Structure formats: C-alpha cells, structure tokens
2 protein chains.
Amino acid sequence: MRERRAVKFELLHGGRRGPRLGRLQIGAIEVPTPAFMPVGTRASVKTLGCEDLEEIGAKLILANTYHLHLRPGADLIQRRGGLHRFMSWEGGILTDSGGFQVHSLAGLRRILPEGVEFRSHLDGSRHLFTPERTVEIQAALGSDIHMVLDVCTTYPAEERQAAAEMETTLRWAERSKRQREQMLSSGAPVGALFGIVQGGLYPRLRQRCARELASLGFDGYALGGLSVGEPASQRPAVMDATLETLPAEDPRYLMGVGTPADILDAVGRGVDLFDCVLPSRNARKGTVFTWDGKMVVKNRVYAEDDTPIDAECGCCACRRYSRAYLRHLFQVGEYLGGRLATIHSLAFYQQLMERIRQAIAEEQFSSFAAATLSRMGVGAVE
Amino acid sequence: MRERRAVKFELLHGGRRGPRLGRLQIGAIEVPTPAFMPVGTRASVKTLGCEDLEEIGAKLILANTYHLHLRPGADLIQRRGGLHRFMSWEGGILTDSGGFQVHSLAGLRRILPEGVEFRSHLDGSRHLFTPERTVEIQAALGSDIHMVLDVCTTYPAEERQAAAEMETTLRWAERSKRQREQMLSSGAPVGALFGIVQGGLYPRLRQRCARELASLGFDGYALGGLSVGEPASQRPAVMDATLETLPAEDPRYLMGVGTPADILDAVGRGVDLFDCVLPSRNARKGTVFTWDGKMVVKNRVYAEDDTPIDAECGCCACRRYSRAYLRHLFQVGEYLGGRLATIHSLAFYQQLMERIRQAIAEEQFSSFAAATLSRMGVGAVE
C-alpha cells in the first residue's frame, strides 16, 4: 500500500469573490490553481497514456467511483496498490463519488435515507451506495481527494424538491465526514474530502447548503448540479451566492464545467478547480478548441491546409502534424485522429489555465478574459 | 516537392539461399535486413503516431496505394509534398500497388489486358488501375519503394489459371518498368520499383516468373500470393524454388507474412523483408506476441497480474504498465488498451528482427530459431 499523500490548499491571491490564485499541494505534486482536470473516468483519459498527460502538463486528473466500483472493482485496485500504481500515474487523482453517474446512467435509482440504491448500467446488478461506503470505496481506490455522496438536483426542480435533496446532501455530507474521521482515527488510509453544494437554482438553498457544509468543515467545496440543462443565464446568481458564502481559504471546484467561456466566467467569480469531458469528447468527434475558437478539423475546408491545428500551441500534435493530415485521419476513421485531437484540446485547456493564472497574477484578468472571448468569437462561447 | 531519395541494397552476409544479412539504404535512412515493416495502410499505423514508430525503432513502413488513391487521393498527397511530409514520417515508405486490395476489397473486379477495372468498396465508383497508372500514383504519393501491379493468384487455383495470371503479372511488370524509365528519363521523380513473383503453388511457374522478372531487372523482388489460405505445408517448396531463382544481390520481400514462426522460417530460406497486419490487428483485439508466445492479455487470468506484458521488452508499454491495467482497459473498452498492445507487439517484432540479425551475424541462426520457437511454444507457431 502506498503512503497516503497530504493535501493542502494555499490561497495566494484574491478572496471570497473574484479571480483567485492558489496552490493545491498533493504530497510533492504542486497544482497551481485555477486548474483544469482532464477526465479519466475508467482510470484512463480516453486515447491518452499517462506519458501524454505528463507531456501536456496535467498535474491532477479525475476518475470515477461509480465506474471503477463496477469494473474492475475497488478491491482489485486496492490489491494493486491503489489507483496511482494501477494506472501508473504519479500526479494527483480526485475521485467523483458516483452520485451523478448513479443518477445519469444507472437504472431504477432509489434515494433512501441510508443512501442510494441502483442497478448497474452494465448488467443490472443491484448496488447500494451509502455515504460511508462511498468514502470507503474511494479510500480503497486510494485517490488523493474524495468527493462526498450527494443527491444531484437536476433542472427543472421545484423549490420543495431542491430543498429536500439539499437536506439529504447535507446529512450525507455529515455522515461522510464522520466516516472519514473514524477511518483516520483507526489508522486507515483515507484522502482529503470535499463537500458538494446542492440546492438547484435557488440561491437561498445554495447558501444554506454552503454555510452548513462550511460549518462541518471540509478540505474543499464543490458546486454540483450545474451544467445539467439549466439556462446559462440562471447560473451566475447561483454561483455568486454560493461562492460568497464558502470560506475564502479553501478550494472551490465547479463540477463538470465547461467551455473556455464558461471557465473564464467562473474563474472571474472565484472558482479554483474544473473538470469536463467536453474537450476530450469533442476532440474524439473531430472538433477541437483553439485560441481562435472551436474548429471542426474533420471539415473538408481543412483537406489541403498544411498548418497545425493552432500555430500558438506547442503540443506534440501541433508540433508535428497538419490540419490536412488530421482531416484525413478523421475522414477515414483512423484512431490516431481522435488521439491527436484529444492531445491538442487537453493541452489547449492546460495552456488556457496557465494564461488565466498569469493574467490574475498581473491583475489583468478582466481584460484578458474579454480579449480571449472576443478572439475566440461567438462560436466558442456557448 | 521533396527530393527523391536513392534506394540501394547491399548484401552483407549469405547468398541465394539461407539466412542473409543486408542493408537497405533509403537516402540517409539505413534499414538493416531482415526487417519487418509495420503496416500503415491509410498513412497511419493504427493507433500510433510517427513518434511511436520512431520510439520502437521502425525504419521502414508500408502504406497502401488502393486505399490512399480512394481517400484522400494521390493528387492531394502530392500537393502536400508527398506521403512523408503529409504524415510527418522521415523513415522509409514502401507502397503496395493495390493489386491485392482490388482483389480482396473491391467489387466487380475485371482483369483486362490493359489493367484491372474495379469498383471502390467505399462508394462503388469505377476505377481502372493499369500498370502505368499504378506507378504514376505511387510516384505522386512519393513513396521510396513502389510495387508493380500484379494479379494475385489465390488458393486454390488450377495450374492453367495460375499460369495465365503469372503471364499477365509478367507483362504488367514489364510495362511498369518501362513506365518508370520513361518518367525517370523525363526527369519526373519516381521511387525504386520491386517486381512481384506469382505462380500459385506451382514451383515451375514461380521459377519462370522469377527468372523473367530478374532478366527485366528490378530493384527488389517480392513473393506474392502466399498466405492467402493455402496449406502451410505447401509453402516451403514454392518459396525455395523462387528464392533460389532470384538474384542473390537484390532484396527479397515476402508479402503479408506473418507470425514469428513464419518469419523465422522464411528468414532461414533467404527472405529479407516482411510486412503483416497480424501483430497490430491482434493487438487491437487484445492478443499480443511475447518471447513466451502469444498472450491474450484481455483474459481474466491477468486481472491481478502486476507484471508487464513481457519482462524482456523495453517498449514504453512494458516499461510503465501492468498486465492487470491492460486487461482492465480491454475489459472496459478503453482506446488505450489497443494502443499499448499495438506498441508492444510492433516493438516485439522489431526486437525479434534485431535478434534474428544478431544470430545470423554470429552464424547461429538455426539454433536461435529452434530455441525461440521452442520457447514460444506451439501456441505461437501457427
């Protein structure tokens, strides 16, 4: 069993609201924030090896408890020495609790007081995730940061329902925290634990949830239940209400978001951490992100274009290959197309976060964000 | 347009029969033979980038005229500066003429005196490959070594049919050679040209074909129409008759073969060059080659195996990842599984060829081949 690495966050610049700079320390790994986590749901960032993640400069990735619990199983991964050793990744790993996947993938989900009962989307087998069990599974996986089990309120939801789900989320957060403390006091290895703020699109509920979680005390706080189909116009009020209520000194993580425009907006409000399947999923389908906006590289218009995807990008796809070659790979359905596009888009997201951090350090975030959005054009901002 | 690179072969050890050592020089690229060419049919060795091919030590790859003619088209590749620049590969490229794909993939193939008429397997469009046109297309692609258009005699074939197809192959070889010479004399860039020996399973026909091709004079000679469903027991007589007839000083290429056992056998008879989709295709389906034989890495038995695929292999898959992780990737259907397995199996083939060359240099090829086959077990020899 590998040594559990300590997780610490230091706020270097900014406060409760507005753009922040920070440092998330995971053992010897230093993750400067704001940071974007590539998504490695099933212990693999699709099409990439860990050497590719190192090459693009990723320091922290996300894996998924629901998927890994079903296959290959947390016990098996624990016997391999944990997720880091299993997938040969020295960087940080945050595991999502699986609450969202139980909702979006599993059949016959039933929310019970003790937890959530569901059937596997793979074979229909019956499972029960309790808050306690979910912490245990993540501890067995050996991730550096665990997420509490929550009830993700989706859009649309009446206030009464959002309130009930938020209260359940709070009770489960408390039980998750207690479980972690018991494991710690008995000497069992367990990672840092982040709480998740729910409450639908009701700022009052979000604030109550944030306040209660903060008074319980977690290593970090996530904004859940956003980017689940709600109108984008309703997000700012919810985010602002939540962020101003959360303690300034702890990291804030906006789950499952988003486009470069979404990230610029959220950083401006005070978010430190992001994850999203968008750049990698789009890339596999032939659409990449660049400083000049989204680009459908599989389009015919690039068939004779000898320039790289993005002349400003230094990723190994842009250093070596042309748009014409990528377009050909997508046209004929070669695996390499999705891989090169994924390398580029994830490298681009890392570069975006780096320029964001630089702009914040230089106190020029607003003008940087405006210039970037304008350059990317409306196509990129959706 | 890039400068055409000169192709020269030097026989360093051995003669007309028995194991040989040679050096195929392609511009500044030195390809020690016996050599195995990874297959990059559509300008991509499936799942790998050119940096991966460099990493495993491949110096010469194969691409396919039929496929590239249909998509993206030889004209487009020519406008990009040729195949090397298009796919960003500095090593050597041999292009198959497409005769075999016309036979195996295309619809409504008609062998006419002037060439072969066929319909695209993609959209049914009608095409005519003549010997002259096939050389022109390969010259437009800019490959280093072109193959003549042939008629591939498949198994089973009556002697009369095999003879007729062989005679057509000879006439086409002569026209291919003339076309190349005309292009050369008019200053058009064109690569080296290999003839292809056909004649079914009839040693007498094979010898006539080899003799006639040799008297025409090519830069190298291929053995075609083997590994097309015939009983393995009938191959040795055909190969020996052909190899003893071909000039000793030119390279001999056994097309589409094969397993490690097939390669050891053919090297022992005097073959210098190989290509085969087997290692990469099998790898994508979860079966890899190792010094201890074939291994179905997706099998459950490897679920908790923390050792690399092959402890003797130094490829980047074996240096970093375990059988347990690969088995998981295949079980859940992650792209990375096929990629890592492909990297390993193609690296293994390069290592096999390297040890073969070393054994020949040390005059110990027979005992090396016997020991290798015995170690790989019957499972590997099929």
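Just so it is clear, glycine is given a Cβ too, placed from its N, Cα and C backbone atoms.
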Candidate sharing the substrate site with A:ASP96, A:SER97, A:GLY98, A:GLY99, A:PHE100, A:ASP150, A:GLY225 (per TrEMBL), from A:GLN78, A:GLN198, A:GLN207: A:GLN198
Binding-site annotation, TrEMBL, Zn(2+): partner of A:CYS313, A:CYS315, A:CYS318 in A:HIS328, A:HIS344: A:HIS344
A:179-185, A:228-234, A:256-262 - the one TrEMBL records as region 'RNA binding': A:256-262
Integer average pLDDT (0 to 100) for the domain 'tRNA-guanine(15) transglycosylase-like' (A:19-374): 97
Nearest of the binding-site residues (A:ASP96, A:SER97, A:GLY99, A:GLN198, A:GLY225) to A:CYS315 (Zn(2+) binding site) - Cα to Cα: A:ASP96
Between A:ASP96 (substrate binding site) and A:ASP275 (active site, nucleophile), the C-alpha gap once rounded to whole angstrom: 10
CB contacts for A:CYS313 (Zn(2+) binding site) [other CB atoms within 10 A, all chains]: 21
The region 'RNA binding' (A:256-262) - residue tally per DSSP class, helix then strand then coil: 3 helix, 0 strand, 4 coil
A:GLN198 (substrate binding site) - helix vs strand vs coil (DSSP): coil
Collapsed DSSP category at A:ASP275 (active site, nucleophile): strand
Site of maximum Cβ density within 10 Å, from binding-site residues A:SER97, A:GLN198: A:GLN198
